[in-house]
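Enquirer: The structure follows.
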């Protein structure tokens, strides 16, 4: 028996990464998981080294980031890798989630995998927001003020919760210090959730583009899919390096190179690009409390997909109507991102309201109706044949 199988610890690694049977038909969309693992490792390592030179005191936070950029050897590389790594992390995560939506990865027996994935998504958004505030530039200060103020919409106790989060009556030194502490902690929670995600996936194995069980047609992970993953890893690193070395500030906001000033309000307060769709949903609802509920509902609605999708065929590979509505949903999501960066004025508010309605309609109206229609067509075609 090979040593990797006889050793207790190596056998665990072997069963997950070497001999793990994978469907032979999986395509490059299944490589997003390995890229997300790479992104998480990059973020944790660069974050740890940056934390060695960062000061969470509100008077020193902005200056300490500049100190990392100017005085620490290769500090600029750490900072730009960490900042752009967050953007690439979300870009790959959105592609990973789109793959799950398109190929029905949320369907039984992988519902638990999907639920843990949604929790990872929420935790990653929290980590990104906390990290953005730690820079304490102008957009960081006002972003922290706006987002934490959302809790004031909670009846009776909202204002007390906001002051508890701030540690005072405004975003101040205690706010940045506790945000930094949480920002350091959350990635390790995400890493633990990733392990749980991986364990849940290991129970029934990966899905495949055909939407069938496919237990008889599988190949070992190592030798086939490890090298297939390496192709996308190298492509990812090339594109990532182009941003880090040649265009490091493209995905950021110029206002964040101005120290945070509570006395000067920016012309437009916007979060990072990867949070813009949900920011657009928040702004499309005039009522503050309903806007907050709608924004969080836009994330949690992902959890209802296993209940609303009643199709007898997993995934959209062979379903024309579902394909059409899926790509309309993707276009609508991108539109929400664009609207999130626009000023709150006509016609962007109205467009945001229509796009928000279509976003929720996809999960709660279109998916169940389309699955019913396609099931009917499937049974009619089966009977005729």
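A Cβ is built for glycine as well, from the same backbone N, Cα and C atoms used for every other residue.
Keep in mind it's a predicted model, so treat the numbers as computed, not measured.
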Enquirer: Look up transmembrane segment in Swiss-Prot and report which of 76-98, 145-167, 260-282 it refers to.
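Expert: Transmembrane segment, as annotated by Swiss-Prot, spans 76-98.
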Enquirer: Please tell me which one of the binding-site residues listed here (82, 96, 183) sits closest to residue 202 (ubiquinone binding site), measuring Cα to Cα?
Expert: 96
Enquirer: Determine which recorded stretch among 32-52, 76-98, 225-245, 289-309 has the most C-beta pairs below 8 angstroms with the transmembrane segment (348-368).
Expert: 289-309
Enquirer: Select the most exposed residue of 82, 96, 183, 197, 202, where exposure means the fewest other Cβ atoms within 10 Å, treating these as the binding-site residues.
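Expert: Each of the binding-site residues 82, 96, 183, 197, 202 was scored; lowest Cβ tally within 10 Å is 202.
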Enquirer: I'm a bit unsure how to read this: which one of 32-52, 76-98, 179-199, 289-309 has the highest number of Cβ pairs shorter than 8 Å with the transmembrane segment (113-133)?
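Expert: Between the candidates 32-52, 76-98, 179-199, 289-309, the best contact partner of the transmembrane segment (113-133) is 179-199.
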Enquirer: If I take the alpha carbons of residue 96 (heme b b566 binding site) and residue 82 (heme b b562 binding site), what is the distance between them in whole Å?
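Expert: One finds 20 Å between the Cα atoms of these residues.
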